[in-house]
Ligand SMILES: Nc1nc2c(ncn2[C@@H]2O[C@H](COP(=O)(O)OP(=O)(O)OP(=O)(O)O)[C@@H](O)[C@H]2O)c(=O)[nH]1
Ligand SMILES: [Mg+2]
């Protein structure tokens, strides 16, 4: 995961440092003062033709004072490279642009304290930009369930095959382990075999599942599951829904209807960590149809470049709650923005 971005970030560090060595910096102190020093210094060494001595002196003085100045021009090339790396890591274009803009604003024209290396300053800016996106509106699923009126109704949405049903089974296992009473609603009444697939999980986990026949109204199934939870003092209803394309108007309308009738406490958008640019469009349209509370990214055990997490969090403004990291019930990891960014940037 993240290899390409890591490699590019290394290049970015180097390239910024080289820029600073090669190009003269704006003087930090009064130019006149610099010139006096230049005269005194001049006889001692020959100035290299490509780097005027005054520039070197000014920069040296800035560095002595613990400062470095980055110009937009210095940043242009390295930032372009970094943007390409973000794009190659599956961060969607508008998201990559907004991250790069932020870093440019953060770094350019400022007298940065030169405590460590310039590369570290650049890395901090990138870390801040990504952490800001990933830490928006934090939501701790376990705390939410603990603190909320029961039953907590959770509806899962997403396109076909992203891992909604498997994730429901994983969450049911997780909740069961914390002694939280769970009911599962077989809200995918559309795909042949969907009810049986979920039933198998429910049986294996020893969790009650409410179902109707295939082709019936999913809102009615979930409604019944909520009623069951109320009368049997269950804490959480996990409601499956059929996978649907975000461009299918009728099926998206059906999702809105489910939301209107059920009034879920949480709507969780499930997508794949390996999703590319299209993840942004999907997340946006699902979020527009039925506002989501957070996302779960599955298949993070596959060769994920990590970009989908950044893109989806940015476009929805909602947190990533968990990562699916395999096909077993235990393969669900709470999403930790700090952990994610450290892995992204580790050398
Ligand atoms: N490697 C890996 N596979 C996963 C993960 N989560 C789900 N899968 C697999 O992805 C496939 C699809 O999972 P489902 O849970 O059926 O997906 P879905 O979103 O319910 O699919 P539809 O109901 O058809 O929309 C299955 O083979 C799962 O085992 C994961 O975190 N890692
Ligand atoms: Mg399913």
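Placed from the backbone N, Cα and C atoms, the Cβ positions cover glycine too.
Feature list (source: TrEMBL):
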BINDING   158-165, 240-244, 298-301  GTP binding site
COMPBIAS  28-44  compositional bias 'Basic and acidic residues'
DOMAIN    319-332  domain 'SRP54-type proteins GTP-binding'
REGION    16-53  region 'Disordered'
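In this structure, the binding-site residues that sit close to ligand 2, with a C-beta under 6 angstroms from any of its atoms, are 164, chosen from 158, 161, 164, 241, 244, 300.
Checking the binding-site residues 161, 164, 241, 244 against ligand 1, the ones whose Cβ sits under 6 Å from it are 161, 164. When secondary structure is read from DSSP and collapsed to three states, residue 164 (GTP binding site) falls in the helix class. Most other Cβ atoms within 10 A: among the binding-site residues 164, 244, that distinction falls to 164. Each residue in the domain 'SRP54-type proteins GTP-binding' (319-332) has a pLDDT score, and their mean in this model is 96. Cβ-based crowding with a 10 Å cutoff singles out 158 as the top-ranked of the binding-site residues 158, 161.
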